[in-house]
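Enquirer: So TrEMBL lists the following for this protein:
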type: BINDING; residues: LEU217, LYS218, ALA219, ARG220, ILE221, ARG222, THR223, ASN316, LYS317, CYS318, ASP319, ALA376; note: GTP binding site
type: BINDING; residues: THR223; note: Mg(2+) binding site
Amino acid sequence: MRMLLLGQAESGKSTMLKNFQLHFAPKAFHTEVELWRPVIQLNLVRSVNVILNVLSSIHDTPVDAASRRASTRPLSPDGHRLLRMRLAPIRQVELSLNKALSAVPVEQPPASAGPATLLDGPYGPLDVCVRSGSEWKTRVQEQMLFPGRGAARGELVNAARILEACREDIIALWEDSSVQATLRTHGVQLQNQPGFFLDQAARVAAHDYTPTEEDILKARIRTTGVEEYRVEMETATEKGEAWTLYDVGGHRGQRAAWAPYFDDVNAIVFLCPIAGFDQVLSEDKSVNRLRDSMKLWKTICKSKALANAKFILLLNKCDILKAKLDSGVKFSDYVTVYEGGNTFEDVTSYLKRSFQIIHKEYSPRKRELHVHFTCAIDTSMMSVVLTSIREFIVMDTLKELTLV
């Protein structure tokens, strides 16, 4: 079985793949748990550095009386400056972990540079860009076994020690309500971003930290190129059989590399992050994320090279969509043709129908479409979805072979 995972950047493809491995090859999945520690810790320190970049972009952090009373750990402006000084080594931790994992060298910005501009946004992303293939896992494994060898020479060990030493200050930074108010003022919503672990800093920054399944699913890595995974099934009737899954980079500049993988695949799993209706692409701020997903879906549906593939659509990040709608964000403000209600049920019904219409209109031949609403970090939900996907692919393939 050959399955191709498609979708724009940050749609949840890599998380979907991790869920597939966890569900169908749990033993193999758990052998790699320790390798995810530096990735998760890098996600954490990038969150910290995003906050430090925001704070350093202003001369002082405003703290009003109401914020002080509401704060669980109130800090004065002088306290903020002292905290920023104590957390200064975190910038070096980010560089060290990035060096150990990253496909793209990152230079340390000068201290006077203000907010980081070498990254995706004005204050930096939370993810890490890795080489295609599993070279990063090999590098991490080598450094864990031989911390004094290799180009990094103990980068992971030193980074973990510094991170633990800064643990209490990281907690204090995140729990201060005046910091939270400053982030809101600057439009920085870390909780809704991939790779968010600040609420778990006490655990993740500990010297004896071991990633959980949930941590690994939440960890954010940006794929460059095409990742090929061979998963040997450990469960169900396919035990011992191998499934090959391709996870491709979703950024606009990487989509041209998709075409060679269209040939001879059994199934396409397309992920659309439906919570992105009020967001734009990081690579093109003029393009709405939902509109881009629909355009990409149309291109995939009309491809003649994929005419015989099974199509599975995952409308992902339902939890974030519901939270946005419940908070009062109006779907119709961003999708102007929409005239329905602003409830989760109304919006998801509209989205499902819209994607189904595109599939029916542009497919080169009549074929079945399986649609699921998902939250890729919800293991219980994904267990049901993945079982359904497996049964659909296997049974449909057997029918084509006239075996059933």
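Using N, Cα and C of the backbone, Cβ positions are placed for all residues, glycine too.
Just so you know, TrEMBL annotations never went through curation; they're auto-generated.
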Enquirer: Return the residues near LYS317 (GTP binding site), defined as same-chain residues 6+ apart in sequence whose C-beta is under 8 angstroms from its C-beta, sorted by sequence, else 'none'.
Expert: GLY12, PRO273, ILE274, ALA275, GLY276, THR374, CYS375, ALA376
Enquirer: What are the sequence-distant neighbours of ASP319 (GTP binding site), meaning same chain, six or more residues apart, C-beta distance under 8 angstroms?
Expert: ALA275, CYS375, ASP378
Enquirer: Comparing the binding-site residues LEU217, ALA219, ILE221, which residue's C-beta has the most other C-beta atoms within 10 angstroms in this structure?
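Expert: The largest 10 Å Cβ neighbour count belongs to ALA219.
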